[in-house]
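See below for the structure under consideration.
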Amino acid sequence: MAAEIQPQPQARKPCLLSKIEAFQDVVSTAVIIPKEDGVISVSEDRTIRVWLKRDSGQYWPSVYHTMSSPSSCMSFNPETRRLSVGMDTGSICEFILSEDYNKMTPARTYQAHQGRVTVVLFVLEMEWLLSTGQDKNFTWHCSESGQQLGTYRTAAWVSGLQFDVETRHAFVGDQSGQVTILKLEQDSCSLVTTFKGHTGNVTALCWDPVQRVLFSGSSDHSIIMWDIGGRKGTAIELQGHNDKIQGLCYASHTRQLISCSSDGGIVIWNMDVTRQETPEWLDSDSCQKCEQPFFWNFKQMWDSKKIGLRQHHCRKCGQAVCGKCSSKRSTIPLMGFEFEVRVCDSCHESITDEDRAPTATFHDSKHSIVYMHYEPTTGNLLTSGTDKVIKPVIVCHIWLQMQIKNSI
């Protein structure tokens, strides 16, 4: 799906532009071609296709290429028109597209992994091809010579990969929920740090090199904003989805984060606000409001002759409270809670209508999203889904929705 987003998208809604159909299996990845009204797609049906919009308004494949095995991911560099396609077999096939996007010439094949390639990323400034696979290896190759420069063994297979050209830091998110930062050299790498804030798998990463902020999405339905540049360990949580996060994109010119989930939800977050960290949950053997014992506090239960209560936590102050003292619910958008969450009675009274003002807008793509791509030069957004369709859509100048429909 593709769409556009204006600086103030809250007053606008996504608008479907068109659909691209004809796939026999799930579209793994699709990207918008900058400065062209076109899309490149790779699919589990083993096809690579370049779609260009004709005068009729319909998208037709100008290139239709069949691979020997399913294509799992890809990276496209518009400056060199280099297309790097990760395969189910573990290899990466590289092609060069012609200037008119009507021809695709094979360039090189990298024997990169022993299992399915999960992410591939071409870095023009370094002339490196970064990749990860289900063999739990992160590798980087020289795109000029084809030589493998280095490899790093991860804790679990990787599902998210980003790279910062200025510092040569690779951000690697894996299925254990951990994010690893590696410092890459020409033929070696060193571990910088690891951090973990998700209770589920890391399913998507997005790096903003200007603000030096890393966004991670997870199967636990949450997004975490890690302030890498601030060097204070700040982590802001964003809760606005009801299913696994499938994609994250950042529009730096409008300071908006775009996220999508497998239930078809697309959320546009206003990041041009001062957000607050969620508090750590406090430990206590009794309610920190009414002092009633919790059910494991046998001594206080015996001494006071009272039945123990279940423990809850206020999302605003983090205090351990009982159900009676936390009967209210409220949104706390600046803490990332766009849905109503449990708060203690005193915090509920302190939250004003201004505090409840939403900082995100919610949209339904009407298909189960597999992948999302944002094109910053045009402000277009594209999503592909399990229904085997590509839909171009306009989201207030950021969302050109191209639904990639996959007929099962």
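Using N, Cα and C of the backbone, Cβ positions are placed for all residues, glycine too.
Among the features that TrEMBL reports, repeat 'WD' is placed at 195-228, 238-272. Among the features that TrEMBL reports, domain 'FYVE-type' is placed at 281-352.
Over the repeat 'WD' (195-228) the predicted model carries a mean pLDDT of 95. Residue counts for the repeat 'WD' (195-228) under DSSP (helix as H, G, I; strand as E, B; rest coil) come to 0 helix, 21 strand, 13 coil. Residues 159-166, 171, 173-179, 181, 234-250, 252, 257, 259, 261, 271, 275, 336 of the same chain, all 6+ positions outside the repeat 'WD' (195-228), place their C-beta atoms under 8 angstroms from a C-beta of that stretch.
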